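Trainee: The structure that follows is given in the form of structure tokens.
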Amino acid sequence: MLTAYAENNEITKARMLFDEMPQRNTATWNAMITAYTRSNSHINEAYELFCKVPERNVVTYAVMITGFVRVGMLNEAEKIYYEMPVIGRDPVVSNAMINGYLKLGELEKAVFVFDSMVERNVVSWSSMLDGYCKNGKINEAEVLFQKMPEKNVVSWTTMISGYMKSEQWTNGFELFSKMRRVERIEVNSTTMAVMLETCASLGRFKEGIQIHGLVFSMGFEFDVYLGNSVINMYCRVSRMDDARNVFDMMNKKDVVSWNSLITGFVQNGETEKACTYFEKMPSKDVVSWTNMIAAFSNQGRVEDSLRLFNKMPKKDGIAWTAIISGFVGNGRFEEAFQMFIQMSREAIKPNSHTISSVLCASSGLASLNQGEQIHANVVKMNMESELSIQNSLISMYSKCGDVNTTYKIFSSIRTPDLLSLNSMITSFAHHGLGKEALELFGKMQVEGYEPNEITFLGVLSACVHVGLVNEGWNYFRSMSSMHHIEPGPDHFACMVDLLARSGLFTVALDLIQSMPMKPHSGVWGALLSASRTHMNVDIAELSARHLIELEPDNATPYVVLSNIYSIVGLKEDEKELRLIKNRKGVKKSPGYSWTT
């Protein structure tokens, strides 16, 4: 009766019965402790009972330790583990401790327990194997896998998954083949799901079809979990007809099946088809609604996105974040702030993505006051140490012109990532602090960070602001020679700007001629701007002509060239250019500034 009450979550009745029992043995105490440990809210009652047990056995310790591990109370579990007689720890209790340590990322402590075990079972080995793989220690995992006295399908699947997650695709595929053909291990649905996920990530369509065929031949075609994995695989390799065929053939579909297909349509730009299936969906969850909100926003259909959001029966923080991000992504920053305020009134707690989106809106408006208010909320919510928010704060303060606070926030980051460093380098460069930008670039290389395209844009921009031509050339050339990064149009634009500002127009034109892609307006715009500084009419005319071809409605080349004509005394040319501009109906946009 005690066990029956416990298994049906009748904890109060179980305790009443326990208290009424005229006689109890160790099994009775264990049953009551087990009932308490099944509920996180009753873990303290379980421990109080544990302390009162007259005679504890291995099960008593195992149940209590497992209960503490489940709720993340590792210190309490550890204390009981080392109080327990050594002879009874292995393998069940030690396995519980290993899993608890691994769950909290304490790999070294898990290794210590594993190495201390006298008796290990396949669960012990598989748990450690999973721990090594999840911590990126694939070499240690390989050694452990080879030493395993007994391997089951979980062990093989864990090792295959480890290879895949560490991007050792060939090893993963080879181990999968060996598992089936050499060792004759019967794969399960988890193994197949890992392989399908890998094919999707790599875009390996042919292998994906083979795995799908294997799913069918092994009788897994009615497995909803695997069916969803197959749909996801086809969606991610842009084979939407195949994904839809699998979906239509499934005898049983759950909400994940519908969401997987709808997400696939959205990601492949087929919003109307996604909308059709969304309308047919028998039971929609928050994910379903949020996917469609994001889909409409990505297409610039903000009104449709808002209409759908307002129809949602229940909105969570993810849905609110989606609609706010949609407004931000479409440049409707004020409305993003209004939605954020409404979200706060609804007592929905924002997550780091929400905060990052609102800070992006502050950047878009160059509204330092609003950005500072969001920053204050971040501090109140104790989210200031989250890296994604710190990076967003760096971007916001930089774009609002407060480079001192930008650097202060950057300096407070314990372990900055590449995004943090790029943002700070770019901020220094844009605020005329080229020397500081280049010093930070040098420091990040010493510390082992590998720069990317964005890093070099910031570095080249810094060289432009400080006028370091030789250094700029060296950095530009090192992109491909040392870092295997091919310069893009924006990198060429920076170099053209750097050369032209220094009056090296011939070198700048040679560089433009060498570009492997067609120069965009930024390249010719940089040349035009420099030609105005140096009053080089020929270069100005050349640059303006290319700019007019690229952007016929842009008045800037007309205005700049006209001003140059005026300054150098070419009144007739100036007059003719103004007539051409007026005849084409090109109008100068009124100037404005968001900064005060």
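Heads up, the Cβ atoms here are built off N, Cα and C, so glycines get one too.
Straight out of TrEMBL:
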REPEAT    25-56  repeat 'PPR'
REPEAT    57-91  repeat 'PPR'
REPEAT    121-155  repeat 'PPR'
REPEAT    223-253  repeat 'PPR'
REPEAT    254-288  repeat 'PPR'
REPEAT    316-350  repeat 'PPR'
REPEAT    417-451  repeat 'PPR'
Trainee: Suppose you look only at the repeat 'PPR' (121-155); what would the mean pLDDT be?
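Mentor: On average, pLDDT over the repeat 'PPR' (121-155) sits at 94.
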Trainee: Where else in the chain does the repeat 'PPR' (223-253) make close Cβ contacts, counting only residues six or more beyond its ends and a cut-off under 8 Å?
Mentor: 189, 192-193, 196-197, 199-201, 203-205, 208, 211-212, 215, 260-261, 263-265, 267-268, 270, 273
Trainee: I need to check the long-range neighbours of the repeat 'PPR' (25-56): which residues 6 or more away from its ends have a CB within less than 8 Å of a CB in the stretch?
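Mentor: Counting only partners 6 or more residues beyond its ends, the repeat 'PPR' (25-56) has Cβ contacts under 8 Å with 2-3, 5-6, 9, 11, 14-15, 18, 63-64, 66-68, 70-71, 73, 76, 80.
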Trainee: Per DSSP, what is the helix/strand/coil residue tally across the repeat 'PPR' (121-155)?
Mentor: 26 helix, 0 strand, 9 coil
